[in-house]
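> Before we start, here is the structure in question, set down as structure tokens.
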Amino acid sequence: SLWEWGQMILKETGKNPFPYYGAYGCYCGWGGRRKPKDATDRCCFVHDCCRYKKLTGCPKTNDRYSYSRLDYTIVCGEDDPCKEICECDKAAAVCFRENLRTYNKKYMAHLRVLCKKDKPC
């Protein structure tokens with residue numbers, strides 16, 4: 001769920017997820033369209049595609065899942081029905097950490113009308 005993913009992002013990046021990633025670029029936040037602006041935005045694009053493909057088995061009304069941290073690694077609950085969603089969220093949080101160096105504040109609260117050319121999953 002959004003809560004668990006937010007906690008993963010905070011632990012991986014040290015950044016508050018909502019101001020930093022809530023409306024970043026063309027894909028971070030609700031919805032998403034067109035071409036990702038940079039590597040961080042691409043993390044969100046891949047995350048959106050991943051979640052869209054992995055919704056089976058996880059109740060749409062409650063997508064909360066269990067996970068833990070082993071050393072510095074996120075471990076999704078093995079028998080959790082939403083494990084695949086957890087794996088999507090984990091991959092995005094790690095992607096954000098790996099791309100902190102190229103994070104660009106000019107894409108925070110980016111206007112979606114400025115996004116160009118459609119890019120399907």
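Using N, Cα and C of the backbone, Cβ positions are placed for all residues, glycine too.
Checked Swiss-Prot, it gives:
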type: BINDING; residues: Tyr27, Gly29, Gly31, Asp48; note: Ca(2+) binding site
type: DISULFID; residues: Cys28-Cys44; note: disulfide bond
type: DISULFID; residues: Cys43-Cys95; note: disulfide bond
type: ACT_SITE; residues: His47; note: active site
type: DISULFID; residues: Cys49-Cys121; note: disulfide bond
type: DISULFID; residues: Cys50-Cys88; note: disulfide bond
type: DISULFID; residues: Cys58-Cys82; note: disulfide bond
type: DISULFID; residues: Cys76-Cys86; note: disulfide bond
type: ACT_SITE; residues: Asp89; note: active site
> Would you count the other C-beta atoms found within 10 angstroms of the C-beta of Cys76 (disulfide bond) for me?
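I count 20 other Cβ atoms within 10 Å of it.
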> Three states by DSSP: which one describes Cys82 (disulfide bond)?
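Looking at the DSSP assignment, Cys82 (disulfide bond) belongs to neither helix nor strand, so coil.
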> Between Cys28, Cys121, which of the disulfide-bonded residues has its C-beta surrounded by the fewest other C-beta atoms within 10 Å?
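Taking Cys28, Cys121 as the disulfide-bonded residues, the minimal 10 Å Cβ count falls on Cys121.
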> Taking the Cα atoms as reference points, how far is His47 (active site) from Tyr27 (Ca(2+) binding site) in Å?
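Here the two Cα atoms lie 9 Å apart.
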> May I ask which residues of the same chain, at least 6 positions away in sequence, place their Cβ under 8 angstroms from the Cβ of Gly29 (Ca(2+) binding site)?
Tyr21, Gly22, Ala23, Cys44
> Can you tell which of the disulfide-bonded residues Cys43, Cys50, Cys86 lies nearest to Tyr27 (Ca(2+) binding site) in space, using Cα positions?
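The answer is Cys43.
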> Taking Cα-Cα distance, which of the disulfide-bonded residues Cys28, Cys43, Cys82, Cys121 are within 10 Å of Cys76 (disulfide bond)?
Cys82
> Which secondary structure state does DSSP assign to Cys76 (disulfide bond), in the simple three-class scheme?
strand
> If you count the C-beta atoms lying within 10 Å of each candidate's C-beta, which of the disulfide-bonded residues Cys50, Cys88 ends up with the smallest number?
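Counting other Cβ atoms within 10 Å of each of the disulfide-bonded residues Cys50, Cys88 gives the minimum at Cys50.
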> What residue among the disulfide-bonded residues Cys86, Cys95 has the most other CB atoms lying within 10 A of its CB?
Cys86
